[in-house]
Amino acid sequence: MELCTRSTTIITHLPASFNGHGYLAGKSVDRISLPLQRNVASLVLQSRTLRCSRKFPGETVTEETSTGVNEFGVEDRDGVVVAAEEKNSNSEAPQAEDEETQALEFLNDIKLDSDKTYSILLYGSGAIVALYLTSAIVSSLEAIPLFPKLMEVVGLGYTLWFTTRYLLFKRNREELKTKVSEIKKQVLGSDSE
């Protein structure tokens, strides 16, 4: 009994109209062998596979088992060799204990005031609820058929307006630069203070 056998179907003869058309620089092709699986011709084209479930007219089909080289150029083997690795459980146990003690020491070092803990939990839960509500609103607005397209048109219109207002001419670019610097001073404060 063989462990690794392979059953392949080989086309040994194609119709005479296919042979000798001069596709291979004038040399006639007498015999073409294609590996098939259960009378289904398969040709691999980059990312797609073409399959033909019917037999070619005038073909002769033979079935044979093979234990030699398969269609990928890899030799089939009769047995499987598995190498078992021995793990040294004694050296892994202290490492796991060290990691656990480091994690516990880190958690013991964290000290939270009760006043700050409540405010942090309140802000965190409020942020999670706000994120959930925002995603629900956005998904409901996307369900309206015309709304996303309308928002795209509004965005393109604003982009065109901003470009013509501030970026097209030099005096307008300088005006934008002064407005940005004023806003920076308001937010960050002036350097002289």
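For all residues, glycine too, the Cβ spot is worked out from N, Cα and C.
Per Swiss-Prot, the features are:
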- 1-51: transit peptide (TRANSIT)
- 52-117: topological domain 'Stromal' (TOPO_DOM)
- 118-138: transmembrane segment (TRANSMEM)
- 139-142: topological domain 'Lumenal' (TOPO_DOM)
- 143-163: transmembrane segment (TRANSMEM)
- 164-193: topological domain 'Stromal' (TOPO_DOM)
Averaged pLDDT score, the topological domain 'Stromal' (52-117): 63
Beyond the flanks of the topological domain 'Stromal' (164-193) by 6 or more, those residues with Cβ under 8 Å of it: none
Residues of the same chain, at least six outside the topological domain 'Lumenal' (139-142), with any C-beta under 8 angstroms of its C-beta? 148
